[in-house]
Amino acid sequence: MKFSAVILAAGKGTRMHSNMPKVLHTLAGKPMVKHVIDTCTGLGAQNIHLVFGHGGDQMQTTLADETVNWILQADQLGTGHAVDQASPRFEDDEKILVLYGDVPLISPETIENLLDAQPTGGIALLTVMLDNPTGYGRIIRKNGPVVAIVEQKDASEEQKQIKEINTGVMVATGGDLKRWLSGLNNNNAQGEYYLTDVIAAAHDEGRAVEAVHPVNAIEVEGVNDRAQLARLERAFQSMQAQKLLEQGVMLRDPARFDLRGELQCGMDCEIDANVIIEGNVSLGDNVIIGTGCVLKDCEIDDNTIVRPYSVIEGATVGEECTVGPFTRLRPGAELRNDAHVGNFVEVKNARIGEGSKANHLTYLGDAEIGQRTNIGAGTITCNYDGANKFKTIIGNDVFVGSDSQLVAPVTIADGATIGAGTTLTKDVEEGELVITRVKERKITGWQRPVKQK
């Protein structure tokens, strides 16, 4: 379906009490306006005209990778004026969809319904019924058809009783919309050029106006303050959780789950409360994620358990692994099948081989660790000299004792043993035992220091 979109995003958002443009505030980890852009892109919009004003530099920096036409509205003179700034780019025969950068939850299904409903030469308008319509423009009908929209400040007492309200979202043909916009005036209580006045203009020409309701009323809720944004966040997360439950994912507490990206799950996955998913995350079959974990841009294979309060970012975890509790896997971390990393272990840019373990209090950075190797508690790969980073290579079946420092670059061959407390600075041959502890001494009659009076 051939259409272009105009996204209005020029408002300041005074009630947000923020230095950032309102539409850049995030919902599910993504700027509100980015949700709208992504929806239009997914539907195949030919052009996306983004009307911006306040905080223009921030807008263009944050959305630098988006394929949009940047349309400046230097003076905010109303919604009609905003759309008119983009009108020189409209093709006469294309559908023009008007959306809002602070209405982030509008769904592809609702937009498709609206595009399909546009009568030839007329307007399709998205409306919704509200028990409390205060503050919204009212839909005026005459014997059924929509004939006008009256804003709250211009409405009579009788019109204020109407519960059907305008969402501002509409579709019209480019040539018609340009003509109607050119005829707008600002003779109203706000002194603004209302986009809603094109409804009356279309009616005066005998054009049909078709009203369509959204699939879900929450889709058309806008954001004016942080309380509204928080409410939409919870609504969005509830919808995401419901989809995952329907797909077979066991969310132990759907009300305490946040998805801020994309999640792919295999069969029989279980996610406990207060888990946060960011970026692109993939879980295999029978994966268990404990409470309080944060997963970002990572892949976790079948039958792996991630125990509570672990953070995994930019990492790959194999099958049958155990992670945590309180583990941090940083970008470049790779755990092969049946690897174990436990509490207060940090791994960065390192591969831990099949069946190997680092169960306690360990930092492994810029390292390659072979199979069936045991890394004792308190082991540190000393990979950074203040200017450059160096690699530690540990072979198969190696035992590294507790409280060891491995000063890179260093290689430990297969089957070697590193005694507890060792500071290793040289390579170790296959099967060797290395120990660098200071010889133990016993001092009899030693007196512990006392505080001076």
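Each residue, glycine too, has its Cβ placed from N, Cα and C.
The annotation region 'Pyrophosphorylase' is assigned in Swiss-Prot to 1-226 on the grounds of sequence analysis.
Annotation note: ASP102 (Mg(2+) binding site) sits in a coil segment as assigned by DSSP. For ASP102 (Mg(2+) binding site), other Cβ atoms within 10 Å of its Cβ number 24. Per Swiss-Prot, UDP-N-acetyl-alpha-D-glucosamine binding site is recorded for 8-11, LYS22, GLN73, 78-79, 100-102, GLY137, GLU151, ASN166, ASN224, ARG330, LYS348, TYR363, ASN374, and the stated evidence type is sequence analysis.
Counting only same-chain residues at least 6 apart in sequence, those with a Cβ under 8 Å from the Cβ of ASN224 (Mg(2+) binding site) are GLY13, ARG15, MET16, LYS22, ASP102. ASN224 (Mg(2+) binding site) falls outside any helix or strand according to DSSP and counts as coil. What Swiss-Prot lists as Mg(2+) binding site is ASP102, ASN224, and the listing cites sequence analysis.
Outside the region 'Linker' (227-247) by six or more residues, the chain places 16, 25, 27-28, 32, 104-105, 218, 221, 254-255, 257-259, 263, 265 with a CB less than 8 A from a CB of the stretch. The annotation region 'Linker' is assigned in Swiss-Prot to 227-247.
The region 'N-acetyltransferase' annotation in Swiss-Prot covers 248-453 and is backed by sequence analysis. For the region 'N-acetyltransferase' (248-453), the model's average pLDDT works out to 97.
Residues annotated as active site, proton acceptor in Swiss-Prot, with sequence analysis given as evidence: HIS360. Within its own chain, HIS360 (active site, proton acceptor) has GLY342, ASN343, PHE344, VAL345, GLY376, ALA377, GLY378 as residues 6 or more apart in sequence whose C-beta sits under 8 angstroms from its own.
Under the heading acetyl-CoA binding site, Swiss-Prot lists ALA377, ASN383, TYR384, SER402, ALA420, ARG437. According to DSSP, TYR384 (acetyl-CoA binding site) sits within a strand segment. For TYR384 (acetyl-CoA binding site), the same-chain residues 6+ apart in sequence whose C-beta sits under 8 angstroms from its C-beta are GLY365, PHE390.
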On a count of neighbouring CB atoms within 10 A, which of the binding-site residues GLY11, GLY78, GLY101 is highest? GLY101
Helix, strand or coil at ALA377 (acetyl-CoA binding site) [DSSP, three-state]: coil
Within the chain of ASN374 (UDP-N-acetyl-alpha-D-glucosamine binding site), which residues six or more apart in sequence place their C-beta under 8 angstroms from its C-beta? SER356, LYS357, VAL398, PHE399, VAL400
Same-chain residues six or more away whose CB lies under 8 A from the CB of ALA420 (acetyl-CoA binding site)? GLY376, GLY401, SER402, ASP403, SER404, ARG437
Cβ atoms within 10 Å, counted per site: which of LEU8, ALA377 has the most, among these binding-site residues? LEU8
